[in-house]
Amino acid sequence: MYNVKKDFPIFKNQGDPYVYLDSAATTHKPQCVIDSIVDYYSSSYATVNRALYTASHDITFAHWQVRSKVGSWIGAQYDQEIIFTRGTTSSLNLLAIAANDSWLAGGTVVISEAEHHANLVSWELACQRSGATIKKVRVDDEGMVDCSHLEQLLKQGVQLVSLAHVSNVSGAVLPLPEIAHLVHRYEALFAVDGAQGVGKGPLNLSEWGVDFYAFSGHKLYAPTGIGVLYGKKELLESLPPVEGGGDMVIVYDFEELSYQEPPLRFEAGTPHIAGVLGLGAAIDYLQALPFSITDRLTELTHFLYEQLLTVPGIQIIGPKQGAARGSLCSISIPGVQASDLGFLLDGRGISVRSGHQCSQPAMVRWDLGHVLRASLGIYNEQQDILLFVEALKDILRAYRS
């Protein structure tokens, strides 16, 4: 079996054991991504889109090539559908502000009752400014959107539906093609928070009918501070810019102001060039791996779920075994604080997430205070899961004695 960990220097440089089970928060970086950033700053540094000298020309070409790589990974039709942002949160806010300045005013946005704050608060702020209304669609006990309830809301008149591809709490994976078809039947638009979906394998957004898709590079083994907003070309062309600055205008002379076509219309100022190049290197790395990322993560997630079933007295949030689940499991243990468990596990070299996962409405939906979440990346192995579960059992035995 291919040894993925050898490609990630963090696993050589941390102590032993180092069991990292927090890839839903952020993924580690392979050496090739780190090298791409160092090479840019040390050997090929220049700005993009602004100069004719050779170094700038070369890096501008490399920078644009990453749009093609991203488009290939997510299934876009055109390079122009790829807007570089700071991350998922930045992408969703960009979309919400642009929509607020165009077709959202006085309308209705639908989100689920279990969204991440990035998807909740961005639309809440936009609706406060525009006078639009937010309505929430129910999710079932496993975290799946209630499509019957969604259709009821759509019948009342909705401009946009914004949902997470994969829940960062329950791990529920939404059937994007089916939901897109339903949303479009009622002439609404469909936006997706793809933070937890983009790293599970290549996507096919144009075929699925998704109108907008937001994600972060740092959850795709790329650097922090770089993200993407995908939007259908004709929809992006209909939206106004949300920031002004260099490279997003064609003409400005105090009397005339004209904007670039997307994506440059939405990329004012000097971009995060190193981050973009790192994102491209991450996609190159993932596409060259000698195995299916989707299959590997699915198998590991099933193994994690099965092992957690052997822990007495815990509740596993989200889909049952065999159903579609992102590469994470959140658990709740009555009478035991998740933060205590996270602290004690850290003392044994095991990194997991404890808290409300930046999704307080999800905690309300499942009547939880906090959860402990273990999430997987391509570098994880069954041994990581066994060490985590055995440590969890040992801590709980001591906790209950």
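Cβ atoms here come from the backbone N, Cα and C positions, even for glycine.
Within 10 Å of the C-beta of CYS358 (active site, cysteine persulfide intermediate) there are 17 other C-beta atoms, taking all protein chains into account. A coil conformation is recorded for CYS358 (active site, cysteine persulfide intermediate) in the three-state DSSP classification, outside any helix or strand. For CYS358, the entry in Swiss-Prot reads active site, cysteine persulfide intermediate, with the evidence type similarity to another entry.
Taken from Swiss-Prot, the feature N6-(pyridoxal phosphate)lysine applies to LYS219, supported by similarity to another entry. DSSP assigns LYS219 (N6-(pyridoxal phosphate)lysine) to a helix in the three-state reduction. Long-range Cβ neighbours of LYS219 (N6-(pyridoxal phosphate)lysine) (same chain, at least 6 residues apart, Cβ-Cβ under 8 Å): SER23, ALA24, THR26, THR27, THR88, ALA195, GLN196, VAL198, GLY199.
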